[in-house]
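Colleague: Next up is a structure, given as structure tokens.
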Amino acid sequence: MSEVAPDAIRVGVLGARGRMGTEVCKAVDAAPDMELVAMVEVGDWLFNMSDAGAEVVIDFTRPEVVMDNLHWCIDQGIHTVVGTTGFTPERIKRVEHWLSAKPGLGSIIAPNFGIGAVLMMRFAQAAAKHFESAEVVEFHHPNKVDAPSGTATRTAELIAAARKEAGLGASPDATTQALDGARGADVEGVKVHAVRSAGMIAHQEVILGGAGETLTLRHDSVDRASFMPGVLLATRAVRSKPGLTVGIDSLLD
Ligand SMILES: NC(=O)c1ccc[n+]([C@@H]2O[C@H](COP(=O)([O-])OP(=O)(O)OC[C@H]3O[C@@H](n4cnc5c(N)ncnc54)[C@H](O)[C@@H]3O)[C@@H](O)[C@H]2O)c1
Ligand SMILES: O=C(O)C1=N[C@H](C(=O)O)CCC1
């Protein structure tokens, strides 16, 4: 355990023994300005967080439990950094509503804390208006709980918004599917394809096409360490960012 500064941020981790939670506990423990005060897993009492005086809770659990966790933390006046996926626009509205009753309290929810992944989303959004076609392909480890990934869904939403603003219609597509699913899922008019394979962690390609050219943006997380700088950045920022922040793009500049 590293030496703890007297004014260290008191951090609790939810989902502490999961793939991400394990890495997060290590990263928080190694950060000189943070103290890991609680590690909570399924079946543990959430009050371990408040009993330990956690100021910020980091959640990497599962989409089916994250809303209850978040509601509890907000009720307790604990700031939250959430990497768990599954945040639909309806869920985001509910979190905003809970936070509106707690002035000064912050929550940062990000589908991807990888700096490269965040930049890939930014580049995809910037490029989208210049191409008539856009599709997203995500690749993950076979134990991933959901499809499409939170990152792919968010990327497709950003592309869709950029296309709409530029007055672009649907990507051209004259195909009749011989099998359901062959053309992927539809996220606000943008096709998203999900691959699951042993040997992978988290990867994504955004393919943009125009007359006589394609642009492919690709990001690879080859180790879960890739998410830690973003998680720590959000943990340092959340106490001075009241309300809800979606994504860490705004923290990068
Ligand atoms: N935002 C990002 O950068 C990012 C990166 C990787 C994974 N994720 C997301 O994080 C989530 C977790 O991914 P993972 O690969 O670590 O999954 P995982 O299954 O390895 O870990 C989840 C952990 O949460 C625990 N858990 C379940 N319910 C709980 C509860 N009520 N209270 C406390 N703990 C509970 C489980 O026991 C498990 O240990 C997924 O939604 C995944 O998509 C996000
Ligand atoms: O391993 C996962 O699960 C990941 N989930 C996030 C997503 O759904 O986008 C981020 C990448 C890794």
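Each Cβ is built from the backbone N, Cα and C atoms, and glycine gets one as well.
What you are looking at is a predicted structure, and each value in this text was computed from that prediction instead of being measured.
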Colleague: According to TrEMBL, G15, A16, R17, G18, R19, M20, G83, T84, T85, A110, P111, N112, F113 bind NAD(+); identify which of E35, E41, E64, E132 is listed for that same site.
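Modeller: As annotated by TrEMBL, G15, A16, R17, G18, R19, M20, G83, T84, T85, A110, P111, N112, F113 share the NAD(+) site with E41, chosen from E35, E41, E64, E132.
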Colleague: Counting only residues 6+ apart in the same chain, whose Cβ is under 8 Å from the Cβ of R19 (NAD(+) binding site)?
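Modeller: Within the chain, R19 (NAD(+) binding site) has Cβ neighbours under 8 Å at N143, R224.
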Colleague: Report, in whole Å, the straight Cα-to-Cα distance of G150 ((S)-2,3,4,5-tetrahydrodipicolinate binding site) from K144 (active site, proton donor).
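Modeller: If we compare the Cα positions of K144 (active site, proton donor) and G150 ((S)-2,3,4,5-tetrahydrodipicolinate binding site), the gap is 11 Å.
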Colleague: In sequence order, which residues at least six apart in the same chain have a CB under 8 Å from the CB of R17 (NAD(+) binding site)?
Modeller: M39, E41
Colleague: C-alpha of H140 (active site, proton donor/acceptor) to C-alpha of N112 (NAD(+) binding site): distance in Å?
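Modeller: Computed Cα spacing between H140 (active site, proton donor/acceptor) and N112 (NAD(+) binding site) is 13 Å.
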Colleague: When a 10 Å sphere is centred on the Cβ of H141 ((S)-2,3,4,5-tetrahydrodipicolinate binding site), how many other Cβ atoms does it contain?
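Modeller: Within a 10 Å radius of the Cβ of H141 ((S)-2,3,4,5-tetrahydrodipicolinate binding site) lie 14 other Cβ atoms.
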